[in-house]
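Trainee: Found this in TrEMBL, in case it helps:
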- C:21-38: transmembrane segment (TRANSMEM)
- C:44-68: transmembrane segment (TRANSMEM)
- C:75-95: transmembrane segment (TRANSMEM)
- C:101-124: transmembrane segment (TRANSMEM)
- C:131-150: transmembrane segment (TRANSMEM)
- C:170-191: transmembrane segment (TRANSMEM)
- C:220-241: transmembrane segment (TRANSMEM)
- C:253-269: transmembrane segment (TRANSMEM)
- C:276-298: transmembrane segment (TRANSMEM)
- C:304-321: transmembrane segment (TRANSMEM)
Amino acid sequence: GPAHAAPDLEAAQAIVDEHSQIPTFEPPGEPFDAKACMADKKLFSVPTSSSIPFVDGIETSMEEVAEEIGFEFQQWKNQAQPTQWVQGMEFAINNGFDGIDLMAGIIPSSLGPQAAAAKAAGIQVFATHWADTTTPDDPAATHSFPIPYTRVGEIIGAWITVKTEGKANVLIIGSDDVPATTPYRKSVQATLDKLCDGGCSHTYVNVPVAEWATKIQTNVQGALIADPTINYIVPIYDSMSQFVLPALTITGKKGQVKIATFNGTPFVIDLVRQGEVEMDIGESLGWIARSTIDAEMRSLCGLDVPEDLYVPLLIFDKDNAETAGVPAGFNQGYGDEHVSGYRKLWGLE
Amino acid sequence: MSEAFRRRHRGDAPVLDVRHLSKRFGNQLVLDDVGLEVLPGEVHGLLGQNGSGKSTLIKILAGFHDPEPGAELVMYGEAARLPMPAGGARALGIAFVHQHLALIPSLTVVENLRLNDLATQNRVAINWRREAEKARATFARFDLAIDPRARIQDLPQVERALVAIVRAFEEVKDATAGGRGLLILDEPTPFLPKAGVEQLFLLVKSIAADGAGVIFVSHDIDEIREITDRATILRDGKLAGTVVSKDVDHDGFIELIVGRKVSLFQSAKPDLTARPVAARVASLSGPMVEDVGFAVHEGEIVGLTGLIGSGADRVPSLLYAAQRARAGTFSVGGTTLDLATILPEHAMAAGIAFLPADRLGAAGVGSLSITDNISLPVLSDFMGAFGLSWPRLTERARSLGRDYEVRPNRPELNLSALSGGNAQKVLLAKWLQTEPTLLMLDEPTQGVDVGARQTLFAALNGAASKGTAILVASTDAEQLAQICHRVLVFAGGRIVDILSGDAVTKDRITEACLKSTTLTALHPREEAA
Amino acid sequence: MSEATATPGAAPINWKRHAEAYALVFALVVLFCVFGALKPVAFLSWANISTMLGSQSVLVFLTLALIIPLTAGDFDLSIAATLTLGAMMVAVLNAQMGVPLPVAMVCAIGAGAVIGMVNAWFVLYFRIHSLIVTLGTGTFINGIVLWISGSSTISGIDPVLVTYVVVTRVFGIPLVFYYALTLAIVLWYVFGYTSLGRRLLFVGRGREVARLSGIRVDRVRFFCFIASGMISATTGILYVGTIGAADPNSGNTFLLPAFAAAFLGATAINPGRFNAFGSLIAVYFLVIGITGLSMLGIQTYVQNLFYGGALVTAVALSQLVRKREAQDFS
Amino acid sequence: MSEATATPGAAPINWKRHAEAYALVFALVVLFCVFGALKPVAFLSWANISTMLGSQSVLVFLTLALIIPLTAGDFDLSIAATLTLGAMMVAVLNAQMGVPLPVAMVCAIGAGAVIGMVNAWFVLYFRIHSLIVTLGTGTFINGIVLWISGSSTISGIDPVLVTYVVVTRVFGIPLVFYYALTLAIVLWYVFGYTSLGRRLLFVGRGREVARLSGIRVDRVRFFCFIASGMISATTGILYVGTIGAADPNSGNTFLLPAFAAAFLGATAINPGRFNAFGSLIAVYFLVIGITGLSMLGIQTYVQNLFYGGALVTAVALSQLVRKREAQDFS
Ligand SMILES: Nc1ncnc2c1ncn2[C@@H]1O[C@H](COP(=O)(O)OP(=O)(O)OP(=O)(O)O)[C@@H](O)[C@H]1O
Ligand SMILES: Nc1ncnc2c1ncn2[C@@H]1O[C@H](COP(=O)(O)OP(=O)(O)OP(=O)(O)O)[C@@H](O)[C@H]1O
Ligand SMILES: [Mg+2]
Ligand SMILES: [Mg+2]
């Protein structure tokens, strides 16, 4: 980058540090008696796809939490078919549920008719873990509970700045068909520009989810050969990494080019432990499940609802990767403050 | 047993001796305890009406069909396995010319020529150049110039037949060298012109002379009597008897085949050229046809004949635009068609019907039912209040089947389940029901048995007497003589002779063809020398 | 090819034929009863039944689009991409560019027709195998969809569309089902009771025979491609109407199910031939299974197992009824 | 080399046929030059060339698996699922259950063989159209994969595999390319110069005739299915070796590209017949375009446009050379 560039490494380091230690629990709202107010309520959840372990994991621990509190919870297993989502919505409407939770990526207005029908039937529609906090709420939903993707972008940007001392050439791979992508990758770019003070360059490649397997490898290869100075790759969702790695192997760039990503998918944390991937930002799935249930219960119980999900982000790198378990799990390494924390909040203890 | 015929190796065990052969298709017993014995050096005829089971018997020997349990097969005195294991027939020295030639159209001549070797023996490092050279040499010995790299589908019907015949002869020759060999010809002649047939017979005789046995299937009694020593007749799948060919006369054979006396159809031969013209062809030119012009009159049956490559067989398909003509006009009824531009539907609209020779390739769809096939040209007549009336369509198909003696007359059967001859009846019915102004047929009785022929001929004549003009392209002099009022003889794509009235006889037609030009047919040098 | 089909209106009642024709219907009923027994309240509720009927009408529509070229002997692998394009065009034109809905719909269907023409042109003029042409055009269309949509989901379509597709109901069943039913009836009638349908069949089974019987083979195939293109695009519109938004990918996932339904359907009602009601039955046979499984909350991989297993088993059974007579669609 | 195979038989050099046989090769060269001119340094670098050769070998392998049943006249839509299963079995057995690599590989290939048998059994015993059977089994296998993998990506496979697939290089090209090349040569020889290969062709082009000539048609088809199953599973192993991990979905995206390559390849080298080197050329023709476009940093949807467009155009051109004579693969 330009010689006059004066990267702000302290600021970057601060961001990194903030997300490098196990999160502590701060109550996201007033305590309330969940058992009492949820006693006669039924909650229904449609995940974007039950074939995504991360999502299915959230659903499962939501089920457990609901069990614990003692209200009826049903998830609608599906394989990412919008027609299946439709069926799920109608099922909930026809079977007297009080709330429908569209989990992890379903855009409420992409089920406009059903959402409208649900509201008309007096059912609250929640869109959880689907968009960024900066994304305007979706009118089709009663409440949107986003998570801080922009923050994720900042962390990754900061990490790269720190590691390269502000001299990075970053290849960002995203999927514009996922709603969170645009604010998220823009935040990565913005952070790099800001913290590196022009010392970092970045290019963005859009690969729709359906084409990860066929396009990521070729495009990364092409980019690496076309621009040998690339020294960081940011697959903004960590499951992309498996297609990035072979590109590194085959172009002989392994080791020279680092990977920084997000999601905390176990096999990627394993790769972090093995040094194939440099860092992976994770979110505790049990934490997501609880904050989701919490927010939705508050809404169903007529309490005031939080703006977004309370999901702490934790950096996994070579040093703390094994805290996630060997092989890694979805829910390890984040501590367990949230478990007791939320029990207290809900008056279960 | 009779010694009335030439036997090469006196006292040798029969080449083929099969007994208690039965075959059932669904609930139809197609072969019923049939037996057949062929001696070394014998040419043995196999006769029977369409659907009597000839090809089925042959396909059993090829290992294509499994016979019902209880059949016995003895070859060269040794018991052989039935059902025939894959490749077994070849191992036993049996070579076939199957009724439908058993060639693969989309593959090349040399591949088809080597088909059976490749099928039965494991070879590596095949040198296709050498294979092709060998093929060329082989064809050369038969005085044939067929490009080994041409695809079968690009060859005319005649040359396809020649490829299949040459293949069989080459195979059986090898076997005969080893003192074995059985050549089975299932209706090889319909595709060949008279002269070709004669050359084929020379070959057959020479093979037999070397001690091989030959089974020869044909519907042409004269051929049978000329070439075979003995003949076995099947009737509805049962053995109707085995006779010494020269002891039985023409009518005797027919009686054996049909099971009753049959009076050969013979139309009167009035001169109908005075009648109004139904269709007039002017300066027709196209592939193998040069500047041909003629007229057909109402109720007249005109034959088109000639040797291989004479172009006679092309005329109907050119007139119907099945093949594109270069030039020419064609006036039927009121309308005049420009043959260089018309499409089949135009010809149809002008009241022309055309029955091609390629039965299941171009004339009818094997995978569809008789009803479906028959009803195609007349659907508009069966539009009820609620669209097509299937019950009526089926009824029509059944009644037509009755009229044309289709066996079995079950309209729901797929066309492919019918024997060749019966399929032909169905397809003729398909077109005759449209009562066309002009009906054109290409080899209409190819592979149709003597009984069925009379039915078809009567039908054609009936149509003619109602005023339909009919064009028949055929190399079968006998049938032309039976039905035609006039016969146009072709050579080099031109009309070289016209026979009419009493001149329309089998011999005169044959003669006219032969002297029309020198021919290029089967003619191995061995025989010449 | 079974004698059954081949015996249109054969006089005597033919039990084998009926067993064959209705085997799949029977299987469907059995499956329905099984899930009904397992989840009586939810599954047997009219609400659920109407939901199943309504939410899968899109697949029915697409399958019906597919069997037209299949009957004429051509594959069309571009139907799913065309569906996606149709959906996306309506979304982009109407929601983003504010074009009135009817206009947007006409454009979408027009695009479908164009795609059909392009397919037909390559297949008929260049004589390329339809499989490879439509494989190529399909991929191409996907590219166009990603382009015009910026590869993101687009919502905010005029609610009128939604109203006339899923919101309005008759006997509790969304209108879209009746659209599908109507199309099925039309195709059933055309295939079975008009000479046009016969011509289609002959073109598919014997091109040369058809030609020599005065049928303009190429023209018929041409219109079949256009028909499948237009119906696929229409399906896209209904898809938008069903979920109220268009996304660039999910449409493509309909391709294999549509083929499955078409071939499975060809074992029912009019066995041995692609036929409208067979396809309808086939779709709902598969849907009942999937829905039942999700209601029971069973792991989703079981849905794949059921889907694949049921497909093969169902066809195998119907083949047993036909005494394993070889299937011949050409 | 190949004209002898193309239309067996010797004759004076036939320019038309050569033009036809090498049209695609020519197109490939042209495309290569174009991108070479646009991005000389990067695109023409040996690094790039070896990368392209190495990274697409998996697709080459799969395509070669596909052309075996295609030549014998059967579709196999289950190849992609089989690939995924093969990959996942190695991953689960080796990475999760600690089974030694060779054993895991044998199991995977064995599974491929079993799948082939199942396909063959349904096609040959029940006489079901291969398209529908393999569509069903493919879906079923996907279910199995999701099941054994818990539908998650599995990494941590014995690095030896990776070493022998992509890490080790000869002339800078990863070994996997030479594996693909070897398989191509074997198939080229078998198809072209052995009676076994011709039997496949006979079976594919004329089942009846093949039987009349004493070919055990069903046995040939049986082995073709097994071969494609085993090679597909092997492809899966190579895929794991390339990626170092196995995920339950990505393998399926190879299905359509493999078909595209097989049919495109059938227009080259040995036109009108599925052939090994044609498939090879076809794969690399398409990848050159994709790679070039990605190097120019053009929007990725353009890659779909290129892929679809190039596929159809290439075939169309080769058809022009053949004077638009109808393609006939059966
Ligand atoms: N694959 C089959 N399935 C059912 N029936 C068959 C089949 N093949 C032949 N048949 C029936 O078996 C009977 C004998 O047929 P075959 O072909 O042997 O008669 P053919 O004597 O050769 O008649 P042609 O002289 O016309 O050739 C016919 O009735 C035919 O309909
Ligand atoms: N597309 C078709 N092709 C051939 N035959 C048909 C077709 N459609 C209907 N048929 C036949 O026409 C006759 C009348 O059809 P329709 O189904 O209306 O009455 P049906 O006798 O009740 O038929 P089925 O009892 O088989 O349901 C039936 O024999 C049917 O098999
Ligand atoms: Mg016969
Ligand atoms: Mg016959």
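Heads up, the Cβ atoms here are built off N, Cα and C, so glycines get one too.
Give me the structural setting of these features: burial, nearby parts and distances.
Mentor: For the transmembrane segment (C:21-38), same-chain residues at least 6 beyond its ends with a Cβ under 8 Å from one of its own Cβ atoms are 4, 44, 264-265, 267-271, 278, 281-282, 284-285, 288-289, 291-292, 295-296, 314, 317-318, 321.
Taking Cβ pairs closer than 8 Å, the transmembrane segment (C:44-68) reaches residues 36, 76, 79-80, 83, 166, 169, 171-174, 176-177, 179-180, 183-184, 187, 200, 224, 227-228, 231-232, 234-235, 238-239, 242, 254, 257-259, 261-262, 265, 274-276, 279-280, 282-284, 287-288, 291, 295 in its own chain, all 6 or more past its ends.
Long-range neighbours of the transmembrane segment (C:75-95) within the same chain, counting only residues 6 or more positions beyond its ends whose Cβ lies under 8 Å from a Cβ of the stretch, are 62, 65-66, 69, 101, 103-105, 107-109, 111-112, 115, 119, 130-131, 134-135, 137-142, 144-145, 148-149, 154-158, 161, 225, 228-229, 232-237, 239-240, 245-246, 248-255, 258.
If one looks beyond the transmembrane segment (C:101-124) by at least 6 residues along the same chain, the residues whose Cβ comes under 8 Å of a Cβ in the stretch are 74, 76, 78, 82, 85-87, 89-90, 93-94, 130, 133-134, 137, 141, 157-158, 160-161, 218, 221-222, 225-234, 236-237.
Within the chain, the transmembrane segment (C:131-150) has long-range Cβ neighbours (under 8 A, six or more residues past its boundaries) at 75-78, 80-82, 84-85, 88-89, 91-92, 115, 118-119, 122-123, 246-248, 252.
Panel annotation: around the transmembrane segment (C:220-241), residues 57-58, 61-62, 64-66, 68-69, 71-74, 76, 78-80, 82-91, 105, 108-109, 111-117, 119-120, 123-124, 157, 161-162, 164-166, 176, 179, 183, 199-200, 203, 210, 251 of the same chain, lying at least six beyond its termini, place a Cβ under 8 Å from a Cβ of the stretch.
Remote same-chain partners of the transmembrane segment (C:253-269), defined as residues 6 or more beyond its termini with a Cβ less than 8 Å from a stretch Cβ, comprise 21-25, 58-60, 62-63, 65-67, 70, 77, 79-80, 83, 275, 277-283, 285-286, 307, 311, 314-315, 318-319, 327, 329.
Counting only same-chain residues 6+ beyond the ends of the transmembrane segment (C:276-298), those with a CB under 8 A from a CB of the stretch are 24-25, 27-28, 31-32, 34-35, 38-39, 42-43, 48, 52-53, 56, 59-60, 63-64, 67, 180-181, 183-188, 191, 257, 260-262, 264-270, 306-307, 310-311, 314.
Cβ atoms under 8 Å from those of the transmembrane segment (C:304-321) belong to residues 16, 19-20, 23-24, 27, 260, 263-264, 267-268, 271, 285-286, 289-290, 293, 327 of the same chain, restricted to positions at least 6 beyond its ends.
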